[in-house]
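Below is one structure, written out as structure tokens; comments come after it.
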Amino acid sequence: MEKMVMKMLVIFVFGMNHWTCTGFPVYDYDPASLKEALSASVAKVNSQSLSPYLFRAFRSSIKRVNALDEDSLTMDLEFRIQETTCRRESEADPATCDFQRGYHVPVAVCRSTVRMSAERVQDVWVRCHWSSSSGSSSSEEMFFGDILGSSTSRNSHLLGLTPDRSRGEPLYERSREMRRNFPLGNRRYSNPWPRARVNPGFE
């Protein structure tokens, strides 16, 4: 009987060590921190958006939590955003704004990494790409430069997204497809990419 108890204790201790070494989530973070991290991610998008409207997140999920020390961590989040009816100058909380409605209102899929210390946001990095009916792919992925443009000007500016230069050719083909689906209303902006400005300090 004693041998059986000792054997069970050894298995239990070994199993706990194994989970810790393989990244078993042992950090007990406050759910309020997750909400703050998501709000900071959306705020980062809205702060650099070209759109006159605020974006709001939905279908959010946490992908990973990395404990840096006993008081700091990073969170990897995935969420979707869509324009709301609230204008930027209103300074409203996007979470309280209604989504815009209509067939041509796009949805972007975003991933963010948020570094927190003492339960406060320190740094935020965000990367998004527009969703499509066929699903996302590497050729559709775009990185934030001047970020998201308004849905009212999406025809001429491809929503303000700046392409990843390493995938320039696939993105050019994608832009031609989007222009076929959403014909340009103003031919003066038929080639928006040379006008795009890249913000090197933001990913």
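Just so you know, glycine gets a Cβ as well, placed from its N, Cα and C.
Residues or ranges marked as compositional bias 'Basic and acidic residues' in Swiss-Prot: 164-174.
Under 8 Å, Cβ to Cβ, and six or more positions away along its own chain, Cys86 (disulfide bond) finds Tyr53, Leu54, Ala92, Pro94, Thr96, Cys97, Asp98. Secondary structure from DSSP puts Cys86 (disulfide bond) in a beta strand. Per Swiss-Prot, disulfide bond is recorded for Cys86-Cys97 (among others).
Secondary structure from DSSP puts Cys128 (disulfide bond) in a beta strand. Feature annotation from Swiss-Prot assigns disulfide bond to Cys110-Cys128 (among others); the stated evidence is similarity to another entry.
Summarising the environment of Ser90 (phosphoserine), the number of other Cβ atoms within 10 Å of its Cβ, over all protein chains shown, is 12. Sequence annotations record features per position, and here Swiss-Prot assigns phosphoserine to Ser90 (among others).
According to Swiss-Prot, the feature phosphoserine maps to Ser138 (among others).
Swiss-Prot lists Ser139 (among others) with the feature phosphoserine, giving similarity to another entry as the kind of evidence.
The phosphoserine annotation in Swiss-Prot covers Ser166 (among others) and rests on similarity to another entry.
Positions annotated as phosphoserine by Swiss-Prot, on the basis of similarity to another entry: Ser175 (among others).
Under the heading region 'Disordered', Swiss-Prot lists 155-174.
Per Swiss-Prot, the feature signal peptide maps to 1-23; the stated evidence is sequence analysis.
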For Cys97, Cys110, Cys128, listed as disulfide-bonded residues, tell me which one has the smallest number of other Cβ atoms within 10 Å. Cys97
In Å, rounded, how far does the Cα of Cys110 (disulfide bond) sit from the Cα of Ser90 (phosphoserine)? 24
Round to the nearest Å and give the CA-to-CA distance linking Cys128 (disulfide bond) with Ser90 (phosphoserine). 24
